[in-house]
């Protein structure tokens, strides 16, 4: 693995003129393009279904609590599979892991489009989640392995587009498709895209590392399934936990205990290089600090994405399509900016980007905390654009610094940890903001407020809570610096 021509921890640009001349071979560009495109479609798929739930409920004659399992089941599966991806990337070739991810996702997507019953559709969503869980760590590991250190920022900028813009555009794309066709079309649109990417990847993808015949620690996998699956489910059920539901509270308790046991076992197995998910990257300060900011950011992102449409439709009384389109300008702008942010990182390092980005996120969240039932939709669009610019400035440097701080032979585990904890952070951010939104709204209704006023009160309280957490992330962001190697 090549090293940077200027291995300094400072944020100044490298003075070595060869840095700007470092290129990426054409075959590597093709590999990365296929992986980025495939991951983008899969991440887009993660959030498209929320807008289609009313139509699915009507077709299958099910209640909202049942339909919600199409979203919760997806998150649960991601949480269960992600811890094992570090082992998969060590054990199997890059090409075989890619084929597995895309084929399983394709099977799930076609099955979902043809689903005659809710049970079959739920199973299809599980298959989609398995493919999605595998593709993101694969993309990150390949990028960190084959891209020269001097160009990692630019490439990670593209990955930031996948992680942030894909989910952000999901509701808009789904709303657009539903305005012309049924929910089945949401899945059919993805089939040819992933099929072509799978075909090109199968023909052109090469292995970036030598597989190791590491046995699967089945006990650790089962413990991780209970731990991460239980925690994601419990966080998704935080509302009924606060209402006193004991079953969800038991799941939360079991999940926490299983997580403690899982961490203890991984530390022990890691000393023998047999860990399912090697946790040693968490002992690296340069990895952990940006990870904390990134997790806070991801929690805020998913929390806003889930709370803002509820406020727009419930308080401002806009349609589902308009609610999705409100998020579109910010999502598109974020996609445009992310690659340029990567180049800025390569030249100047992370600190200015992280502090500037977190400042914009904090300002925009506090601005959203002022909304009421009379707010102008254009104001919401403008604030969301500021929020999205902040995200664009943050994702690339945070991911690059974190993964570049990990030894070369642990990229797979480093990306698996990052993606696993992001699932927990996303579930936690969504759960907390929805819980605040629901609690404050219900209290306002009890006090005699109109429904529109009550929902607006719930929304601004949720955004205020998220803004306070973002202030903590801003403080931590001052300690992010370029890794030494």
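Each Cβ is built from the backbone N, Cα and C atoms, and glycine gets one as well.
Quick look at what TrEMBL annotates:
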- 1-19: compositional bias 'Low complexity' (COMPBIAS)
- 31-485: domain 'Major facilitator superfamily (MFS) profile' (DOMAIN)
- 1-20: region 'Disordered' (REGION)
- 28-57: transmembrane segment (TRANSMEM)
- 69-89: transmembrane segment (TRANSMEM)
- 96-120: transmembrane segment (TRANSMEM)
- 126-147: transmembrane segment (TRANSMEM)
- 154-179: transmembrane segment (TRANSMEM)
- 185-206: transmembrane segment (TRANSMEM)
- 218-242: transmembrane segment (TRANSMEM)
- 289-312: transmembrane segment (TRANSMEM)
- 318-341: transmembrane segment (TRANSMEM)
- 377-404: transmembrane segment (TRANSMEM)
- 416-440: transmembrane segment (TRANSMEM)
- 460-480: transmembrane segment (TRANSMEM)
Does the structure show the transmembrane segment (185-206) and the transmembrane segment (28-57) touching, where I'm treating 3 or more Cβ pairs under 8 angstroms (sequence separation 6 or more) as a contact?
yes
Mark yes when the transmembrane segment (218-242) and the transmembrane segment (154-179) have three or more Cβ pairs under 8 Å (sequence separation 6 or more) and no when they do not.
no
Proximity of the transmembrane segment (218-242) to the transmembrane segment (69-89), 3+ C-beta pairs under 8 angstroms:
yes
Long-range neighbours of the transmembrane segment (377-404), counting only residues six or more past its ends (CB under 8 A):
140, 144, 149, 152-153, 156-157, 159-160, 163-164, 168, 286-287, 290-291, 293-294, 297, 301, 304, 308, 312, 316, 318, 322, 326-327, 329-331, 333-334, 337-338, 341-342, 345, 349-350, 353-354, 356-361, 363-365, 367-368, 371, 411, 414-415, 418, 480-483, 485
Can you give the mean pLDDT for the domain 'Major facilitator superfamily (MFS) profile' (31-485), rounded to a whole number?
86
Where, among 69-89, 96-120, 318-341, 416-440, do we find the most CB pairs under 8 A to the transmembrane segment (126-147)?
96-120
Given a Cβ distance threshold of under 8 angstroms, which distant residues of the chain, six or more beyond its ends, lie next to the transmembrane segment (416-440)?
75, 78-79, 82-86, 89, 133, 136-137, 140, 228, 231-232, 235-239, 242, 277, 279, 281-282, 291, 294-296, 298-304, 306-307, 310-311, 399, 402-403, 454-455, 457-459, 461-463, 465-466
